[in-house]
Structures are given as C-alpha cells and as structure tokens.
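Annotated features in Swiss-Prot:
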DOMAIN    4-68  domain 'J'
ZN_FING   130-212  zinc finger
BINDING   143, 146, 200, 203  Zn(2+) 1 binding site
BINDING   160, 163, 186, 189  Zn(2+) 2 binding site
COMPBIAS  358-367  compositional bias 'Polar residues'
C-alpha cells in the first residue's frame with residue numbers, strides 16, 4: 001500500500017467516522033494554504049484531503065482496507081493499485097472484469113406480492129347449480145398513511161450514502177491471480193439504492209399493513225372438492241406498494257344426507273319391501289330439482305340401479321348435467337305372524353318354490369366327497 005491514510009490523518013485503523021472527520025478538520029485548519037502558504041504544507045494539505053476522501057467514503061474505505069487504492073485510477077494506475085488507467089470509475093473497472101455485472105443497478109423496492117389462499121365450504125346444491133358467497137380475507141394492503149412508500153409523512157426515501165444509489169458495493173480480494181474487484185448487494189440499503197431515514201409509524205417502513213376485507217365470490221356451477229377459483233389481484237400487496245398477488249378460493253363440498261357425488265353423477269339408495277319389488281311401485285324422492293317419483297318396475301331385484309338422466313350435477317365445462325343413479329335395496333321380513341306365514345307358503349306352493357332351488361339335493365356328491373372316494377379306490 002503506497003500511502004498510509006490513517007497515519008496521514010493521525011487516527012487508528014478502527015477510528016469511527018466522527019473521529020476521522022474531527023482529525024481532518026483539525027489538520028485542515030492548520031494546513032490550509034490561506035493559513036500556511038508554505039509549499040511543503042500545501043503538499044501535506046493535498047495528502048490529508050486524499051486521505052479523508054478515501055476514509056470518509058465507506059465504499060472507498062472498504063476497498064482501501066482490503067489492500068487496494070481507490071484513488072489510483074485517477075493517476076493512471078499506481079504501485080499499490082489496479083493499474084486501471086483509462087477507467088473513469090468503479091463501474092468501468094467492473095465492466096472490464098465482469099462485463100455487464102456492474103450494470104445490474106439497484107433492485108426495485110416495488111415487487112409483486114405473494115398469492116394467498118382461503119378455503120370455503122359449499123352445500124351440494126350450491127356446487128351443482130352455482131352461487132355467490134361473501135368471504136372475509138386477511139391480507140396485506142397498501143398502507144394509507146405512506147401510500148406504500150414506507151416513509152413517514154413529510155419525508156421520503158434518500159439515496160444510500162454507502163453505495164451512492166447503485167445498490168451494490170465493490171470490494172477487493174487477493175488471489176493467486178492478484179487483486180480482483182467484485183461486487184455484492186449494499187449491506188446498508190439491501191441493494192435498493194435508497195434508505196428510509198424515518199419509517200412510517202403505521203407500517204414500520206414496509207409500505208403494507210394487514211387488513212380484513214369482504215369479497216364476493218362467484219361459485220360456478222359444477223365445482224367439486226379441491227376446485228380452486230382464481231381472483232386476480234386480490235392476494236397480498238407487494239413490498240413498497242407493489243402489485244398484489246392472486247387469491248385462490250379452494251372449494252370444500254359438504255357431505256349430503258341423501259346423495260353421494262361421483263364426478264357429476266349423484267347416487268342414492270331407496271329401500272323397498274319385497275312385495276313392492278315384486279309388484280312394482282312408485283317411490284317419492286326429494287332430488288336437487290324438487291320432489292320426484294322413482295318408478296320401481298315389477299320384478300325389480302335388490303342391487304338394481306335405476307338412472308334418472310339429467311338430474312345430477314351441472315358439468316363445469318360444457319353444457320348439460322350428470323345423472324341421478326337410484327340403487328334399490330329390497331328388504332325381507334324378519335318376523336311373520338301365522339297368517340303372513342300361511343300366505344307366503346301358499347305363494348311358494350303356487351310358484352313351485354316349496355324347496356329352495358339352491359338347496360343341496362340328496363344323492364349328489366360334493367367335490368371333497370368325490371376326491372375322498374377316488375383316494376380310497378371306490
């Protein structure tokens with residue numbers, strides 16, 4: 001290092017900015033050409049000015065402390081510098097080493113906000129035909145006190161004095177290739193290029209506050225469990241008053257007491273006595289469209305399904321609706337009085353069903369009996 005700037009000002013290497021400033025002012029009053037016209041004193045005055053220029057600037061001081069001389073490029077390169085003759089400033093040096101790396105510039109304080117999600121419950125008929133619902137959401141909104149700027153009323157953001165608004169600072173590192181200058185986001189302004197000296201008291205400088213709002217959501221016909229409805233721009237407002245993200249409304253369909261939904265079809269079960277199954281009947285059923293009758297034809301068997309077309313859920317995409325599938329369950333009486341038993345026996349006799357058709361008939365051998373006879377040689 002060609003010049004010890006700390007020695008020039010007579011301060012320690014860990015001196016504060018206030019100590020550096022006081023030392024410079026004291027020497028400047030003593031060595032100013034108007035006070036002391038001696039030529040040697042004038043050279044000394046130039047030295048303290050150069051030392052103060054470096055040590056009072058956090059960026060230049062950092063470069064100097066890491067082994068570089070931030071003033072060397074002004075003289076076309078020096079013994080302890082980069083030999084950077086022809087470069088106008090640090091940006092020129094960065095361009096030479098890293099191309100466009102130093103042209104990133106400060107990042108914007110205004111950024112898009114995050115998306116938000118809320119889950120709402122709907123009844124089956126609401127999902128089938130569509131509806132509108134008022135929902136309450138708690139998201140970040142623009143602070144009305146500072147209009148998203150983050151600064152207290154009557155104040156504004158100021159250019160960062162560490163990076164001079166560039167959003168990044170340069171530093172010198174030593175490697176086997178020699179001294180290399182690199183850049184990184186400014187630690188004082190976090191890369192924004194500006195700082196907020198007096199933050200807004202309402203949002204603490206963030207530019208956003210939490211707020212509960214009421215929104216009206218249109219639920220389209222045909223939504224199902226897990227369907228997400230996107231509300232553009234209704235999510236979290238971004239930092240610095242940036243545009244809001246989107247709000248996603250996730251549908252949770254509540255179970256129905258009668259119907260089970262499978263896709264756009266609805267399923268239900270009706271229970272009828274065996275006499276109704278044999279003779280046929282009409283069963284009243286409350287559907288999504290109101291009271292209707294299910295036509296049970298004579299001879300209907302337990303487990304048989306009867307479709308009612310177009311009585312299901314509206315198709316979410318395209319027209320039309322799914323079906324209502326009615327499953328029939330036939331019950332058998334568990335206890336009969338003597339008269340009922342007599343009548344059933346008479347019916348069985350008339351139908352030739354005194355002996356159950358599935359009963360094992362005498363003289364017939366089962367599989368295991370035949371295998372046993374074969375093993376015994378019979």
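These residue numbers are counts, starting from 1, taken along the chain as shown.
Using N, Cα and C of the backbone, Cβ positions are placed for all residues, glycine too.
Overlay of Swiss-Prot feature records on the structure.
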residue: 143; record: Zn(2+) 1 binding site; CB count, 10 Å: 22
residue: 146; record: Zn(2+) 1 binding site; CB count, 10 Å: 25
residue: 160; record: Zn(2+) 2 binding site; CB count, 10 Å: 22
residue: 163; record: Zn(2+) 2 binding site; CB count, 10 Å: 25
residue: 186; record: Zn(2+) 2 binding site; CB count, 10 Å: 23
residue: 189; record: Zn(2+) 2 binding site; CB count, 10 Å: 26
residue: 200; record: Zn(2+) 1 binding site; CB count, 10 Å: 22
residue: 203; record: Zn(2+) 1 binding site; CB count, 10 Å: 20
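Classification of residue 160 (Zn(2+) 2 binding site) by DSSP places it in coil, neither helical nor stranded. Within the model, the zinc finger (130-212) shows a mean pLDDT value of 86, rounded to a whole number. DSSP classifies residue 200 (Zn(2+) 1 binding site) as coil under the three-state reduction. Ranked by Cα separation from residue 163 (Zn(2+) 2 binding site), the binding-site residues 143, 200, 203 are led by 200.
Put simply, 189 is the one of the binding-site residues 160, 186, 189 whose Cα lies nearest to the Cα of residue 143 (Zn(2+) 1 binding site).
The Cβ centroid of 143, 146, 200, 203 marks the Zn(2+) 1 site; residues of that chain outside this set whose Cβ lies within 8 Å of it are 144, 145, 147, 148, 149, 150, 151, 199, 201, 202, 204, 205, 206, 207, 208, 209, given in sequence order. Across the fold, the C-alpha of residue 189 (Zn(2+) 2 binding site) and the C-alpha of residue 200 (Zn(2+) 1 binding site) stand 17 Å from each other. The Zn(2+) 2 site, placed at the center of the C-beta atoms of 160, 163, 186, 189, has further neighbours from the same chain whose C-beta lies within 8 angstroms: 106, 161, 162, 164, 165, 166, 167, 168, 169, 187, 188, 190, 191, 192, 193, 194, 195. With DSSP states grouped into helix (H, G, I), strand (E, B) and coil, the domain 'J' (4-68) comes out at 45 helix, 0 strand, 20 coil.
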